[in-house]
Amino acid sequence: MTLLTEDQPCRFSAPDSPLASIEHYPVDSGPKEDYLDCMEPAVFGAVEPPKHSRGRLIMHGMVMFGREFCYAVEAAFVTPVLLSVGLPKHLYSLVWLISPVLGFILQPVIGSASDYCRSPWGRRRPYILLLGIMMLVGLTLFLNGDAVTSAILQDRNVKRTWAIVVVMFGVVLFDFAADFIDGPIKAYLFDVCSHRDKERGLHYHALLTGLGGACGYLIGAMDWGHSALGVVLGSEYQVIYFFSSLTWGIFLTMHLFSIPEKPLMKDHSSDSCPAASLLLEDPHHNGYGTVHKESPPLPEMRQRSFSALSEANAVTPSAKQPNSEVQKRMTLKSLLSAMISMPSHYRCLCVSHLLGWTAFLCNMLFFTDFMGQIVYKGNPYAEHNSTSYATYERGIEVGCWGLCINAVSSALYSYVQRLLLPYIGLKGLYFLGYFMFGLGTGLISLFPNIVATLTLCSVFGVMSSTLYTIPFNLISEYHKAEEEQRKLGSDEPALESRGTGMDCAALTCMVQLAQVIVGASLGALVNLAGSVIVVVLSASTVSLIGCLFIALFM
């Protein structure tokens, strides 16, 4: 089977049907765009998207700036906030379990559902908007829960209980939405961009992710409590909430209006879409048939990378049923089956992604607490007016500066990746990111002093940039290779059942699973070891295991 190319006009004929049947739908009866829209579901994988400007791609990537800004605030303050409201030490890691468990179960369903979303606004943007609103609500409860309960309740014990509940619910809701939103954002980029623009878009995503994290950690590193803005808004946390919510709202809006999406058609029948009814497979040819030369050709199409399960089915020889019928068969059971039976290279990518995120989260979620307790030797359970607690807070602020260094190095390393790629390839970059992170965190655990720790924070950015770009670049390469195989007429079932939405969701599921592992194990490890230094050692060990896995199985 052959796909349509730039030099090959798109012409169709139904087998064993008279040529006159085409005359019922003359080409000049409507604008060219009507035919493009009408034929979108049927030949969705065969049209190359237009090239987008740098400004459009940067606008599209701005959501990653806002998301990482808010993520930086969460990473820097979630453990101190939970401990300050009175959450017992042996329970503070369990707060990460609830949202990732739900996410691991629902992520593939959401990913595939977005593949079939028929909103007139597009397939991905409705999900991105909903999850963005959920992020904002979670951030509001997380940073303002203690202040709100203190203003409403007078009894100290009741206030403490409700403060823990509200803050925990805010953390879970924010974390749930922030993790979920990454899959639709990446699928949105893949849907509307050509293969070259995908690479450029992922590069801008990595760059803006680093810059957003740097700004978020920079905001957290400043002492807002004694500033004029802190006096006006009430406390340091309210100032940080003001900046976070404003940043997220602006950049989410920019993202949603950056590049238009073409919605899926609601009706694929021949009555509403006559051009699609002509896309019948010719059993006597490897490609589509051609119309008699007297008949005017349909608008020329350009090749395009496929992005959804329905699109993959539409361009393969075995796709003989409409999209609507395929959609009805897509159940939770079939989705899980598709993930379990994924090709080996996808499975290895998911495992390596799981190891990477487990190592990264071990370090990042508890780094500021590590700085406060181990490097500065403060006590988060001391009285808030004590010297020991003030020392701990100073450690938190310096930890934010370290995470700011991490974010800046992540942005810079995104450029270094482009320089190194021709020499060591994607696998080499993948291995290098894991190795540098494992080595750096190991040295931090051995030499927990201020200078060494802040210097080695730069390796965190190498890992961050690697996790946010390399796996998705590999997904894009895998899909491109599968598209080439479909051009050659491959009937392999794995090529007919995979979509960008589900594959991006599968990768994001590994982030959820990593959070489950970290939340379930680190609390017990800290209690067993009697020190939070074990979290840095765990990060180093898991990252080096990931290096071996990439070297042997990727």
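Note: Cβ is positioned from N, Cα and C throughout, glycine not excepted.
Straight from TrEMBL, the features:
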TRANSMEM  69-87  transmembrane segment
TRANSMEM  93-114  transmembrane segment
TRANSMEM  126-143  transmembrane segment
TRANSMEM  163-181  transmembrane segment
TRANSMEM  202-219  transmembrane segment
TRANSMEM  239-259  transmembrane segment
TRANSMEM  354-376  transmembrane segment
TRANSMEM  396-416  transmembrane segment
TRANSMEM  428-444  transmembrane segment
TRANSMEM  450-470  transmembrane segment
TRANSMEM  504-526  transmembrane segment
TRANSMEM  532-553  transmembrane segment
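For the transmembrane segment (239-259), the most Cβ-contacting stretch among 69-87, 126-143, 202-219, 354-376 is 126-143 (pairs under 8 Å). Against the transmembrane segment (504-526), stretch 163-181 shows more Cβ pairs under 8 Å than any other of 69-87, 163-181, 202-219. Packing against the transmembrane segment (163-181) from elsewhere in the chain are residues 63, 67, 70-71, 74, 78, 81-82, 85-87, 95-96, 98-100, 102-103, 106-107, 110, 127-128, 131-132, 134-135, 137-143, 145-146, 148-150, 508, 511-512, 515: each is 6 or more residues past its ends and has a CB under 8 Å from a CB in it. Long-range contacts of the transmembrane segment (69-87) within the same chain: residues 95, 135, 139, 142-143, 145-146, 160, 163-164, 167-168, 171, 174-175, 178, 212-217, 219-220, 237, 240, 244, 247-248, 251, 364-369, 372, 380-381, 384, 392-393, 396, 399-400, 403, 407, each at least 6 residues beyond the stretch ends and with a Cβ under 8 Å from a Cβ of the stretch. Cβ atoms under 8 Å from those of the transmembrane segment (428-444) belong to residues 352, 355-356, 359-360, 363, 417, 420-421, 452-453, 456, 458-460, 462-463, 465-467, 470, 474, 536-537, 539-544, 546-547, 550-551, 554 of the same chain, restricted to positions at least 6 beyond its ends.
Between the transmembrane segment (202-219) and the listed ranges 126-143, 354-376, 396-416, 532-553, the one holding the most Cβ pairs under 8 Å is 396-416.
Beyond its flanks by at least six residues, the transmembrane segment (396-416) meets 68, 72, 75-77, 80, 203, 206-218, 220-223, 364, 367-372, 375-376, 450, 453-454, 457-462, 464-465, 468-469 of its own chain at Cβ-Cβ distances under 8 Å.
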